[in-house]
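Have a look at the structure below, then the notes.
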Amino acid sequence: MKEHHIPKNSIITVAGTVGVGKSTLTKTLAKRLGFKTSLEEVDHNPYLEKFYHDFERWSFHLQIYFLAERFKEQKTIFEAGGGFVQDRSIYEDTGIFAKMHADKGTMSKVDYKTYTSLFEAMVMTPYFPHPDVLIYLEGDLENILNRIEQRGREMELQTSRSYWEEMHTRYENWISGFNACPVLKLRIEDYDLLNDENSIENIVDQIASVIHDNQKK
């Protein structure tokens, strides 16, 4: 295993749509670097299953819950001095999910305004620790849908294809304008963490390059 040049206090965040493989990369990368993980706790979310059954009723509750949980995670990461790989970014909540439901009318304008005001007060400040790099996982929609089906979460399988199509499009639009921190784009078709040990080494090299280039600015 060759030496990497990623600072031990780095914060690396993995972003991308549902089913794209964020958790797998987060765990594999953290193990390779000797970092801690910050994982999305799907099973303990009191609103998620209710949300999938009734978007309009539960979208605001769910987004406030996510915002609070992710902010607490950021605080933990900051207080620990970094050295974390994080599954999903706090930026996706407002840039993708809350905005999508506001646009579709499944979150009221008042709730959306309240949510975005809270997000900006908590996150978009100089005091908030932004990641050293955001890894954006992208891939063909059909491959992502196959992964969702193979994962077999009932609440995801009951969700319409049109929902996943719209989310896929919104993610692509969102990342094109994202500038809160440096971005590394990876296509899921280009690596296989489960069957190819060299895949993670190539990813580590790319992360080190992005962080190094940003430090020179």
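Using the three backbone atoms N, Cα and C, a Cβ is placed for every residue, glycine included.
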For the substrate site that Swiss-Prot assigns to E40, Y52, Q63, R88, D93, which of E156, E165, E166, E172 is also named?
E156
Quick one: among the binding-site residues V18, V20, which has the most Cβ atoms sitting within 10 Å of its own Cβ?
V20
For K22 (ATP binding site), list the number of other Cβ atoms lying within 10 Å of its Cβ atom.
22
Return the residues near E156 (substrate binding site) by Cβ distance under 8 Å, restricted to its own chain and a separation of at least 6 in sequence.
V18, G19, Y52, I148
Closest of the binding-site residues to Q63 (substrate binding site), Cα to Cα, picking from G16, V20, K22, T24?
G16
